[in-house]
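Copied over from TrEMBL, here are the features:
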type	residues	note
BINDING	Gly151, Glu171, Asp199, Asn220	S-adenosyl-L-methionine binding site
DOMAIN	140-304	domain 'Ribosomal RNA adenine methylase transferase N-terminal'
Amino acid sequence: MKKKSKFAKKNHIITNVKAKKSLGQNFLQDSVLLEKIVQAIPLNIAEFIESSSLKSKLDSKENIESKLQKGELDSKKVIDSISLDSKVHKVDCHEISSEISRNDTKKDSKVDVSLNAQHDEKSYENANLDSIQDSKKANFIESKIRLIEIGIGLGDLTKRLTSKYKLLAYEIDTRLIDCAKTTLKTQLDSSDLVIIHADALSVKNGENYLFPSEYFLVSNLPYYIATNIILQAIRDEKCRGFVVMLQLEVARKFSAAPKDSEFCALSVLARLRGSIKFLFFVGRENFVPQPKVDSAVILFESCALKSQKIPKNIESILKAAFANPRKRLFSNLLAYLDSKNIESKRQILENIFQILGLDSNIRPHEVDETIYAKLALLLQEY
């Protein structure tokens, strides 16, 4: 007897039979703010994302109108030929996008539930991350980037994204999937949108998270999963970056700089793997239903050269370093070594602090990401 597939596909909706209802989401419907999120996708990323069939048509129309105004085209010839040309273009776009969707489905069907990211163990010694100036080299892209959204909600952001780009979306809530079959029917039928009905936190494509090749994430993240989603995206070498909206307090933590009061382990991880920016504030009054907290949008752009130089034990060192944020870093790391029954732990730590030129009274939020990486390297054998 043939084993039943974990995923079933119908009308470009790939369904995971274990999907369930979400724990609730606040929907942003302000058109100005939604457009700001779409516009926040960096140009060096946007140019590699495949355009939607709708955008192709709009671009073609604008190009023709521009040439007509400049007198570069004969208007009669354009009118006579535009019908045939548009039909041919429509068929070609449909065939190409359908093939992409079929290929994506085959890749997505290999999903497993392992979430342990693998990191390169290259030495951090002599690494000066701040000296990386060649952004083109650091952000070299070999092929097209897949645009991904987590949580389609009522489809307001999804519609704006698919007006420009082809989109792969994850949605866990059966009710919203049913809604999307009507509200996003045009996008689904045109293959500009493929929806995977699954829990985005429980998927993995080979050694990667949301997609087996390079992708960029854009999303209004539900508060209760935002931190975990962002951490997994940051860890994933295939993630080129993200523009996400999340709870204001969490946004400040991820985007904080050294010596800021909000600077924490989340800030260090983000800065070690790329650049992160706080883009803009979004008040709670812009959501339906209105939440009890405000939100913000942040932008992260990954840097492959940075990620290659991160020690494997960095997260355990950061967890120890920020275990008690108000205490001295030395005390927190001393407790970490003590938990591992390390002999001469004080002497070991004093030597490491001396090597790195650190004051024993320094607080965790006063140390930048490069020092934390070097700390992790020096403590790797313990």
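In case you wondered, yes, glycine gets a Cβ from its N, Cα and C as well.
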| message | If you count other CB atoms within 10 A of each CB, which of Glu171, Asp199 wins among these binding-site residues? | response | Glu171
| If you measure every Cα to Cα pair among Gly151, Glu171, Asp199, Asn220, the residues listed for S-adenosyl-L-methionine, what is the largest value in Å? | 15
| query | Across all protein chains in the structure, which of the binding-site residues Gly151, Asn220 has the highest Cβ count within 10 Å? | reply | Asn220
| field | Overall pLDDT of the domain 'Ribosomal RNA adenine methylase transferase N-terminal' (140-304), taken as the mean | value | 93
| request: Specify the secondary structure state of Asn220 (S-adenosyl-L-methionine binding site) as given by DSSP, simplified to three classes. | output: strand
